[in-house]
Structure formats: structure tokens, C-alpha cells
Amino acid sequence: MGKFEVLDHPLIQHKLTLIRDKHCSTKEFREIVNEISTLMAYEVSRDMPLMDVEIETPIGKSIQKQISGKKVAIVPILRAGLGMVDGMAELLPVARIGHIGMYRDEETLKPTEYFVKLPSDISERQVFVVDPMLATGGSAIMAVDALKKRGAKDIRFCSLVAAPEGVKALQEAHPDIDIYTAALDEKLNEDGYIVPGLGDAGDRLFGTK
């Protein structure tokens, strides 16, 4: 079974409270999501493999640690996932960026895939799938399906807010992946929104309704 972890760093929790507030402007929401994503990148990359390298400091030669060259990809689920890309890429600047397009049918709450564009060597990369909300889990499951179909093996899912129902569904569908979130909220309401949640992340990021 993959790992499930709530990232409870004080800075992450503080900033998450700011964007939950309905009075948070689009500009502020976008900036803070970016900041949280950078902090999350630090946490979710803790186990990246290291190797010994010989360097020369101004004083002399030394054996030190360096990331071993594991390739990374950041794959947002469109469109809300785009808000998390730049923040994660701040700490992982050599990451390739893929995209998976999904939209949710407001009647059935089921996701539909409409676009997939990934690095050609996705099977060799550690993949961070990003989406601010893990609600029903439908979009996350379909995104991981699409990645595995194209050869991805090392997959981690990163969200800002998750519902227990979504976590359970994703774990049951893909028990091998790790799931990280900044908050595990109470439940889904009858409209499929996370309670208390933060509203529609895509609309709040892009100023649409």
C-alpha cells in the first residue's frame, strides 16, 4: 500500500487557512497556492535518492551528497492543477511538465478526459500529479490510469485539500501510489464539493464562475 500523508507544516497550514477564506482575492489565492506548492515540493521530495560526489571547496577536496539524477515530471490535472505547477517547479527546476485535461460533468460528477500530453520518457520519471482538490477521486483515478497506460511507474498524487471519500477511492483504485495533501477535510456534500474545503479551486485561481 502506498503512503498517505497530511503535510502539517505550520507554514502550509497557515497559508491554507488564508486561501480557505472566501474573501481571499483571485490574486492572493493564486500567489498563496503557488507558495503552498513550493512548500509541498520540499516535503514530497524528501526521499529523492542521493549519491556521493567529489567536489573541491575553497579549502580542499571533499565527498558530498547530490541528488542522483532521478528524472522528475510534474503533471497537473487541468485546469486547477496549473496553479500548483510553478510553485513545485521552483524547487524542481529540471522537471518536465506534462498535462492531463479533465472536466467534471456537473450532473453525474464523473470526469471526462479530453487531453493528455506527457514527456516521451515518462516511464523513467518520478511523476508528481498535482490537483488542488481530491474530492470524489474520479479525476485522480483517471489521471493515474492515463499515466500508467503510457508507462509511468513511480507516481505521487499531491493535493491541497482532500475528502476521505476521494482518498479511499484513489487508494482502492491505485494502492501502489503515494498520496500527499495539506488537509484531510470532513466529507463531500451532495454536490460533490469538499466540506469545509475552499470552493472551486479553478474558479478561484482564474477568476471565473
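Placement of Cβ uses the backbone N, Cα and C atoms for every residue, glycine included.
Listed in Swiss-Prot:
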type	residues	note
BINDING	Arg79, Arg104, Asp131, Pro132, Met133, Leu134, Ala135, Thr136, Gly137, Gly138, Ser139, Asp200	5-phospho-alpha-D-ribose 1-diphosphate binding site
BINDING	Ile194, Gly199, Asp200, Ala201	uracil binding site
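Taking the features listed in Swiss-Prot, we show where each one sits on the structure.
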residue	record	Cβ contacts under 8 Å, 6 or more apart
Arg79	5-phospho-alpha-D-ribose 1-diphosphate binding site	Gly101, Gly202, Leu205, Phe206
Asp131	5-phospho-alpha-D-ribose 1-diphosphate binding site	Pro76, Ile77, Ala80, Gly81, Met84, Ser139, Ala140, Ala143, Phe157, Cys158, Ser159
Met133	5-phospho-alpha-D-ribose 1-diphosphate binding site	Ala80, Ser159, Leu160, Val161, Ala162, Ile194, Gly197, Leu198, Ala201
Ala135	5-phospho-alpha-D-ribose 1-diphosphate binding site	Ala163, Glu165, Gly166, Leu188, Gly192, Tyr193, Ile194
Gly137	5-phospho-alpha-D-ribose 1-diphosphate binding site	Glu165, Gly166, Val167, Lys168, Ala169, Leu170, Ala173
Gly199	uracil binding site	Lys22, Tyr193
Asp200	uracil binding site	Ala80, Tyr193
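Those residues of the chain, other than Ile194, Gly199, Asp200, Ala201, with a C-beta within 8 angstroms of the mean position of the uracil site C-beta atoms are Pro132, Met133, Val161, Tyr193, Gly197, Leu198, Gly202, Asp203, Arg204.
The secondary structure of Asp131 (5-phospho-alpha-D-ribose 1-diphosphate binding site), as reduced to three states from DSSP, is coil rather than helix or strand.
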